[in-house]
Each structure stands twice: as structure tokens, then as C-alpha cells.
């Protein structure tokens, strides 16, 4: 059989030999002995006979259906299987399956000269990649168009790119060798939309999604196709699109990331900065997928609004008092007292010049020219004292939201003493922000960026009068700008707390107590907040007592310590005489004026317990709650139940005395769990046994307690009397000042009966207390 060739040549990469080649030439070039070739020829004939007798299926029998072609991807080795001298067809255009008829005689393998050899799949792909322009036979009618190498293979077989636009692509833009993926078949079988032209699929991008041409899914619903960077849809489960945005994944989806929250085209930070809400904004809109309520719903339902990240700081709520007059607003005795207190009409604040009308919305403000329904005291009658919960007050408050004039008579208090010092949330009118003056109307910031002090609740800035008098040009004031309210506070509770602190501090007229002047609203100190509540008070440029102890403790002597202790006792005695307990005495809340005078400040934790001068009620008064710092808290505050806040202030004064001398605390906490406090209680009991009722020392030796044993002898007595573990046995501030050795202390500060007589105004008599001339100047001055 001269036309036969060895079986091991089938599937090799060598080109076919023509029939004209002689057997001698083939035998010479072959490396296999003749007997072996003869045996292999017998095996080849047996193989061909079984194939022709239908024992071995022809390659056409292995063709799969259209559904199997989409699911089971074919390879080049399957595409190049020869069949009946017919050109290769793509799976989409394959002829219908026909029954194979076996020929009468065996057909040799090389019967067709134009037939391609059966190459292995991997070798064929590598050959196509290395030789893109190689053809099997130049004269073959089934020769393929030139391939584009590895790039074409990756684009068609892996990335499923559409290469129909390329001039070298196969006919009709389809690959004759590689079947398309399932996603490609889904997109191909979907008919294009008649309204929108089909756009080419873009390349991979970093953004999450790209809006392409609109197509229709097999069920007829309009869908937006996605880019290849997103998950490709399948025919069984296409990607769901809603208004141009991808739907949110399920909460348990692993793809739930920050990029899934974006909306529109582009990446997370590519959205335009516009005021219109987006799906990521906190306000709900008809087209957004956010479940947060809209601002209009918040305003209508009165629900509490909590600012946070990516949310507006202040909810836009409609102001019912914007274009109405004060006479048409709801009124009550408490509302009018608050309006009168913050009006500036009393001689509590420095007026300056050019302030004929501090607040046009406040009828008690100087120079108010609006319509006023205030009546004289003779015509007021009993309706002036109507309680806020009475029917008259309720009707007037309910029907005066800007619809008409009120029937409630507006009666101003005669003086500040009629205004309560401790306000409740019901005392605050709903129009409180409109009657409180603006800080910029009277004052101006000295340095808008520098903070003189900062704490958990407020920051301190410096202001001066905007239009001062000739002798007020050098005056400087401290403005305490409060931070925002807590999340669990209402507006009424927040304003009542700030107003109560201001009402207490504005009545302080003592050289050792800081006085407050104005309660204002500002929008410049905290630019992010629309309205910041501020309190204007005396300015102490030398800082607080804690800074003096830390920085200049080595320069302070015995006389300095004694003078400062006496000034603290004086200021605390005055505060207690007004029926007020401070409840937060510590070095941080004791400031130093320009001349070295110590002044107590920060009445945020104070409690109004009785009327001024009521000593009987002061002893029996009780307070509730935990206030202050742990090292300065009295032991009764740390135990459940009520306590007398006046005695708690005396305990705190004893701890401040210890800090002045030793720059440290005697113990961390006044609790039995503290070992130092347990030792102190033992030393105090031993000390009390050797002293008589008047605290006169009988024995020459004292029980050893190092934190107290190093104090001077008279200061030891004062410390044990102030820091008595039993609250009712502690001495008061007045009793401490009456001690003989305390009265002998030379103090640089003037007494409470002496004030600045040359002050510009009556309210500024205690703005900068003078000092006395001493024989030996103190180092803290």
C-alpha cells in the first residue's frame, strides 16, 4: 500500500506528504524498522475497517445541540475535526443532524488532498499564536482568515470581547473556532431597542457601573446593560436595574462595601456637589432608595433629628415666628421673665454707645419701637399671675402662633430678683432664639481663631465692646461658647441649663467670683453650627490656678498659699450666702485676674438650694446626682442617696488646699476601696480623739499621715476640719473664715465690702478687682 503512512504520523505537526512521494523516500527518512511499520499498518487497517462499519462514530455524531453549545464551551481541537470534505461551520450555522451512511469500501485517511490534519487542541492554539498568518494550504477553499495571535485569543476566548468592528475579524464578526460564553449568547439573542441605538461595550474601568444602551430582556422588561467590570448577566438570572442604579445587595452579601452605596455614574467621590438629594443622602426622596425620613416629614411630625456623618448639622424646620411680631407670639409669666432677663434692659451688661435697640424682636430691649400691648400694673389684674398650665394661658398660647394679637398682658418684672435662678424646660419660650441678642450686635472678637481655653462643654474666646465709651476701650471680656446639646436632650432642656447658669452667674458681685453679663447667640465661633449660645463674663488673663501650681510652684511661699486659701474661702462663702452650691470646686475652675486675684467660675454644675440669707434652709437642703471630679468629690456624693451640697464644697476646698502645698492629691478617690483614703480615715479618728470640741490641739504629737503631717500646724487643723468624713461635722466657709489664724492671714485681695469706685458703669465694679498694698508683695501677683 504505497499510499499508507504510519499511524504515529496522525496528529503530528509535520505537513502532509503528497501521493507522489515514493515508498523508498519515506522508508529512508523514517527511523522505524520495516517490521514495526508492517505491524502498525495492520492495526491501522483494523481501525479503519471498524470505523467504516459504524463501530466508531464519525466526528459529526459528536456535535452537540444549541443548548449544549452555550453551556459546554468547545475548543479548537473540536472545531478542527474533519468531516466529509465539507468546510468547517460555526456552531450557530451547523447543518441539521443526518444519519451517517457507511461507504462500501474502506476510505484511506489521506483520501482528500485538501483535508486538514487532525491536530491536538493545545498544539493548534500555540501554533496559531506563534504563526498568526499560517495557512494549511494556499489552494484550500476552507482556509481561514489570518488570526491575530495571543491578543485575539484572549479577547475572544477569555474576555469575550466583540471584534466585529476590526477589519481582520472573521465573517459576520463571529469566531469560527471558539464558541461564545453564556453571557454573550444572552446579550446576542436579546433584540435591540428600536428607540436607543446599541453602543459598543466599553473596556474595563475602575468605576462601579456605566450606563450603556438600553436593551430588553427576554421577558420584555427594559434593562440597562452593565460594563464588564460588574457581574455579567445571564439568561437565567439577568442583573436587575432600577432607575439607573444597581439595587442594594442583601445584608449578608459579601459584596456589601462602601462602593455599593454609590449612586449614578462614576466612582464614590465622582458625584457632583449639588443640593439635590441622592440615594446616599439622608433625606428621602421619591427617586431615592434611602429609608431615612425627609426634612419635611421631620418638620411635620416633630420627630427628633440626630445629625451625623454625611447628614446636615441642623434640620431645616420652618420658623413660625419669622415674619410676625412679638405681640402675636404665645405668652406666659415665665416666657416674659425669660424675655426680660435676656433683653439687656437691666443694668447687668455694659451698654456702650449706639445701642438704642439691642434686639428689635425683644420688647424689653432699649429703644423697642414695635407695637406693644404692655399695660400698666393697675390694669393688669389677676391675669398677670396666671399659671402657664391654666386655661387662660393655654388658650392664649394655642391661638397665638402668628395669627393675631394676644390677649395676655405683657408685664415686665421690676428687677432681676423676680426671675428664678433655676429654670425648667417649660420656662423657655419657643421663640427663645429670636429674643436673645446677637453677639455681633454689641461685641467683636479680638482673635477669631485663638482659644483661651477649651473643655468638654465649651471654648473660651476674647471679645471687646463694638462701640465702647472713652473709658471702656481697654475692657476685654471672655465669651464662653457652649458646644452642641447632647443627643438625649431637647432644645428646652438645653437652653434651660445654659440660661440657669447665666442667671446664677450674672448676680455674682464679689471680687473672688467671676460675673457674667450677657447671654447671646453667635454664628462665627463655630462656623459649622448655625446658632451657638454664648455667655459674656469677666476676663482673667493669667489663666487658672492649676497652671500656677504646675508652672510657678517653686516660687510660691507660705504666705502665697495662705493668701490663696483665704481668697477661695471668701468667694465660696459669698456663693453659699446666695443659696447656691457650686459642686465643682477644683483648681481648673479658679481663675487668676490681671492683678493676681483668685476668682471662682464655671457654675454649670451649681444647684440653687435656698433663698439668699436663709441659713436654716441651707443646713437642711439636699441635692441629688453626681457632679465634679473624682479626686475632689466628697464621700457622700459617691454613695447612693441625697447629700448636702454646701458641705460637699467644703470637702473639695480641703483637697484644693492639699494640691496647693504638695502638687498632688491626698488620695485618688474618697472611697473605702482606696488604700490611701482608708489610712486617712484612720489618722483622722486618732486626731479627733486628742483634740477637744473647739479643735484645739491637746497632744504635742499627731498620728502619722504623711500627706497631712507635712502641713503647717494651723493648716493641719484647717484641713482636718474641712475634710471630715462625716459631712454634718464639717465646718462651713463662714466658720473657717472666723478661725483666729485665718483672720490673721494677710490677703492681697480687697474685702467684699470694697469695690472699684471708678468703674465705667455700675455693673463693671467687679470687672477687675484691685489689690491691697502689702508690706511684703506676694509672688502670685
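These residue numbers are counts, starting from 1, taken along the chain as shown.
Glycine is no exception: its Cβ is also placed from the backbone N, Cα and C atoms.
Small disclaimer: the values here were computed from a predicted structure and weren't measured.
If you look up Swiss-Prot, you'll see 452, 453, 454, 455, 456, 457, 458, 459, 460, 480 marked as ATP binding site, on the strength of sequence analysis. Secondary structure at residue 458 (ATP binding site), taken from DSSP and collapsed to helix, strand or coil, is strand. Its Cβ placed at the centre, residue 458 (ATP binding site) has 20 other Cβ atoms within 10 Å.
Sequence annotations record features per position, and here Swiss-Prot assigns compositional bias 'Polar residues' to 43-63 (among others).
Summarising the annotation, Swiss-Prot assigns compositional bias 'Basic and acidic residues' to 64-73.
Taken from Swiss-Prot, the feature compositional bias 'Polar residues' applies to 74-92 (among others).
Residues or ranges marked as compositional bias 'Basic residues' in Swiss-Prot: 112-121.
The compositional bias 'Polar residues' annotation in Swiss-Prot covers 136-146 (among others).
The feature compositional bias 'Polar residues' is assigned by Swiss-Prot to 161-195 (among others).
Sequence annotations record features per position, and here Swiss-Prot assigns compositional bias 'Polar residues' to 206-228 (among others).
If you look up Swiss-Prot, you'll see 379-406 (among others) marked as compositional bias 'Polar residues'.
Each of 451, 481 belongs to the same chain as 452, 453, 454, 455, 456, 457, 458, 459, 460, 480, is absent from that list, and has a C-beta within 8 angstroms of the C-beta centroid marking the ATP site. Across the binding-site residues listed here (456, 460), the residue whose Cβ sits among the most other Cβ atoms within 10 Å is 460. Contacts of residue 452 (ATP binding site) defined by a Cβ separation under 8 A and a same-chain sequence distance of 6+ are given as 460, 461, 462, 478, in order along the sequence.
The maximal spread of the ATP binding site, taken as the longest Cα to Cα distance among 452, 453, 454, 455, 456, 457, 458, 459, 460, 480, is 14 Å. Counting every protein chain shown, the Cβ of residue 454 (ATP binding site) has 11 other Cβ atoms within 10 Å.
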